[in-house]
Structure formats: C-alpha cells, structure tokens
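Trainee: Let me give you the structure first, and then I'll get to my questions.
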Amino acid sequence: MKKYVLALDQGTTSCRAILFDRESQIVGVAQKEFTQIYPQPGWVEHDPEEVWSTQYGVIAELLARYQVTSEEIAGIGITNQRETTVVWDKHTGKSVTNAIVWQCRRTAPLCDELKMKGLEPLFKEKTGLVLDAYFSGTKIRWILDRVPGAQEKAEKGELLFGTMDTWLVWNLTKGRIHVTDYSNASRTLLYNIKTLAWDPDLLQVLNIPLAMLPEVKPSSTIYGETAAEGLFGHPIPIAGIAGDQQAALFGQACFAPGMAKNTYGTGCFMLLNTGEELYESRHGLISTIAWGLDEKVIYALEGSVFMAGAVMQWLRDELKLIETAGDSEYFAGKVADNGGVYLVPAFTGLGAPYWDMDARGAIVGLTRGSNKNHIIRAALESMAYQTRDILEAMEADSQLPLQLLKVDGGAVVNNLLMQFQADILGVEVERPHCIETTALGAAYLAGLAIGFWSSKEELRDKAKMERSFKPQMAEERKEKYYQGWHKAVRQIME
C-alpha cells in the first residue's frame, strides 16, 4: 500500500528527508548538516559527493527510524538550494571540482565585465534575472576556465552541469537521467523564460556548450525512477522538482495570481504569483518561473531583503541586547511603539527596490528617552518595513493588488512582528500549521504527478492555518510610521 510521499530538501547547510502522508501531515524527518567550505573571503563551496552521501544517509535514517519500507513510498519530490553549480564527468559520475554555492561572489568580476560590454539588458530580457554572481551561468564559466581540459571535455559532451536537483536525480537513478525543472532552469542565466529553451545567444556569450546542460521538464511530472539496485531496492518514481523558494510558494498553496509568500530567514525571500503573465520589473525585482504544471507555466516576481533574521543575530551577538532571537518579542512588547526610533539594517547595502550597495546601516531618531526596548522594537519593525517596500514594488510592476500574505521561516513565531506586518501592509497575514512549506511544496508537486493527490483544490483544502493576523492599526498612524521609515532610509542614502 502506497502511504507516503518522500520529500528531499537539499538546503544550503543541511540535507533533509521528510515523509508526508495523504493528509499532508509530517510522519517523520531526518536531517544532517554538511561542510561549508570557505577557500577565501567571499567564496563558498560544497563538496557534491558529501552532499549526495549526506542526502543518501538521511533517507536511510528516515526509513529505519520510522520503520517505513520503500514499497510504502508512492513517489519522491525534490527541492533544493537554487543556483548552486555542480559540473561532473559523465563517465565516472564524479564532480570535477567543488560545487560553487549561490552565495559565492567569485564571479563578480566576470559579471562586471559583461555589464561593461552592455550585455545586462540582453540577459534581463531573456532570463528575467540581473547579471549577478548569484546565478549559475558565470559559475559554470569559471569552472570551465579553471579546471584543466574542462572546456574541451564539455564540448565533447563528456562533462555535465546541474543544479543540486539535477545532481541528486543523476545519483538516485545511477546516471540514467540528466534533468531539471523550469524553476531551477530559470535561475541559471542561460534559460529563456519566454521561449522555454536554453538560449543560444546567452550560451554563445558565455561560451557554454549546450551538450552539458540538462533536459528541462515541468515541475510536476514523472522524470524517471530510482535505480532498482540503489538505496530503495526497487524503482520509485521521482515526480516533483522545484527550487526552494518556488517550492515554498507551492507548499503555501499560493496557486492564484496576486497570492504571495514571504520567508523570514537570515534574509527575506518574497515571491508573488503572477499567473501565466510574465511581468518585467521596473523596480529592481527579478522575474522568474514559479513552476510548470498541467501544461502551463506559472511566473512570479521575486524580491529579497538581505537582512532580516540576521538583524536579530546582530542584536544578540554584537550588541548583546538579547540572549536569544525569541527574547526580541518580550522586550519590544514592553514599549507601546518605536518611540520615533528606526533601525535601517543596511549592513551590506540596500537591496530591492533601492539597490544602493554603498549605503550602510543606521539607527535614527534617538532621544534621551530612547531605551534598549525601542532599539529592539525598531530592529523587528525593519523586517516589516522592508517587506512592504518589496510588496509595493511588486504591486507597481504587476498591477496585482496583494490579497493576503502567507508567511514561513524562523521569525514567523514572533507574534508581535506578524501583527505589525499585517498592520503596516494593511492586509491579512497567515501563518501555516505546517512550517515545512518548502518540503511540502516538493511533496505536493510529486503527489499530483502520480495521482497521490487529485488536484490543487484538494491541496488547498488540506492547507491548515495556525493563526491569522488581521490589520488593526488606523490608516493615518500606519502611514506615519511608514513615512518615518522612508525618511530614515533617505538619510543613509544621501
């Protein structure tokens, strides 16, 4: 009897395996961290073999710990850290060098060079992305330049590229399948999100052979089966793939245009479903593919805030104002409001929609009456203001008024922050019962492809909300606070 869908969540710091039942409830979780490699400042790498062995290990641990047999698993869904780049030898299955992680800045000079040649508009128009070291394309170029003989081998079709989803599928199928999905392909700087094909012009600019790129398929389809001689002992369909942020959008059941989710982690990642319409941002956001499903491609606008939970870490580790991030709610709640104090966390510059990399952080509006609680409250509120900045840019780009914001990530347990977020946006904020929205999204995509669940409507009905926060603040007061934030931002940009 097929009772479960297995989600593999290959993240930036850990690999996880999570089992979901037909009610989309979590049956079991196994997780293990792997090594972060920092060869020099600004560089970040992972060892692909270690990532695979860690992922393999957590699957084995999950099955053993919860006494689940592979016969009970209907299918597998995969979600992954996006953009991280692996290049491996087709014949040996071994990577030619460490994976270059999405956070790695080593290809920034190459991006600058391409911008100087006036190529950024070409990339933006075809891929929806900005020319940045974040995305995979320049990482592939770096590997082909630095590994002896790599370019020649790639041209002969002897080397393969993949993001982490592709690498896991290759290993799960013992090298039989080289595939990715629309959402991951759309993060490479090489995939044309309008024609839905690897773009010959962009491949030519970066001199990347088409032969090394995976086949691109919808996010919910049977890609193939696990090797019978592998971990599971018999074939299991691999039926869902999506990049982590897109998977979270799907896991939050943001199926309709105008629905958005915000993940509050170290930074914030916001995605707005724009339906089958592709909007090109005029406000520094990126356009991306959310997923491919039911013969349709769904697009999204994405914006990120660099500093969210990281501000709480700063209050804890550097300023020593709190002992744990959770303390922030207690101290912030001891004052009625921010007392005119604003904290602009531009520690590494300001992201969307300002894009000022030279700006630096500041605490403004201090008076003799300001105390530690005001500063802690201002730090919390900065997450909500930055979220509104991005959502206003999304509304301006798409003309889609936000109906509801779904939230996930570590900071959403903070009720004061969630209520303030609802107040400052003027829309309802929903916190889900299942906070594992990324893994749930991968499970949903796989489950739909194999008939484990019948439709998106069924999934929407299963989505359980833990708590809803409705706006309570008067309009005039809300706008006064937000104007104060803008004034503080202007001060650090001058």
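For all residues, glycine too, the Cβ spot is worked out from N, Cα and C.
Model, not experiment: these values are computed from the prediction.
Pulled these from Swiss-Prot:
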- Thr12, Arg82, Glu83, Tyr134, Asp244: sn-glycerol 3-phosphate binding site (BINDING)
- Thr12, Thr13, Ser14, Thr266, Gly309, Gln313, Gly410: ATP binding site (BINDING)
- Thr12, Arg16, Thr266, Gly309, Gly410, Asn414: ADP binding site (BINDING)
- Arg82, Glu83, Tyr134, Asp244, Gln245: glycerol binding site (BINDING)
Trainee: If you count the other Cβ atoms within 10 Å of each Cβ, which of the binding-site residues Arg16, Arg82 comes out on top?
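Mentor: When each Cβ's neighbours within 10 Å are tallied, Arg82 leads.
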Trainee: Only counting partners 6 or more residues apart, tell me which same-chain residues put their Cβ under 8 Å from the Cβ of Gln245 (glycerol binding site).
Mentor: Arg82, Thr263, Phe269, Leu271, Glu302, Thr438
Trainee: Please report the Cα separation of Gly410 (ATP binding site) and Asp244 (sn-glycerol 3-phosphate binding site) in Å, rounded to an integer.
Mentor: 15
Trainee: Which of Thr12, Thr13, Ser14, Thr266 has the fewest nearby Cβ atoms, counting only those within 10 Å, among these binding-site residues?
Mentor: Thr13
Trainee: Count the Cβ atoms, other than its own, that fall within 10 Å of the Cβ of Asp244 (sn-glycerol 3-phosphate binding site), considering every protein chain shown.
Mentor: 26
Trainee: Neighbour count, 10 Å Cβ-Cβ cut-off, for Tyr134 (sn-glycerol 3-phosphate binding site): what number do you get?
Mentor: 22
Trainee: Measure from the Cα of Tyr134 (sn-glycerol 3-phosphate binding site) to the Cα of every one of the binding-site residues Ser14, Arg16, Thr266, Gly309, Asn414, then give the nearest.
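Mentor: For Tyr134 (sn-glycerol 3-phosphate binding site), the spatially nearest of the binding-site residues is Thr266.
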Trainee: What is the nearest of the binding-site residues Thr12, Arg16, Asn414 to Gln313 (ATP binding site), using the Cα of each?
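Mentor: Spatially nearest to Gln313 (ATP binding site) by Cα position is Asn414.
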Trainee: Please list, in sequence order, every residue of the chain apart from Arg82, Glu83, Tyr134, Asp244, Gln245 whose Cβ lies within 8 Å of the Cβ centroid of the glycerol site.
Mentor: Gln81, Thr84, Trp102, Arg187, Gly243
Trainee: How many angstrom lie between the most widely spaced Cα atoms of the glycerol binders Arg82, Glu83, Tyr134, Asp244, Gln245?
Mentor: 15
Trainee: For Asn414 (ADP binding site), just count the other CB atoms lying within 10 A of its CB, please.
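Mentor: Neighbour count, Cβ to Cβ under the 10 Å cut-off: 20.
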Trainee: Out of Thr12, Glu83, Asn414, point to the one nearest Thr266 (ATP binding site) in space (Cα versus Cα); all of them are binding-site residues in the record.
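Mentor: Smallest Cα separation from Thr266 (ATP binding site) among Thr12, Glu83, Asn414: Thr12.
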Trainee: When the number of other CB atoms within 10 A of each residue's CB is tallied over all shown chains, which of the binding-site residues Glu83, Gly309, Gly410 has the maximum?
Mentor: Glu83
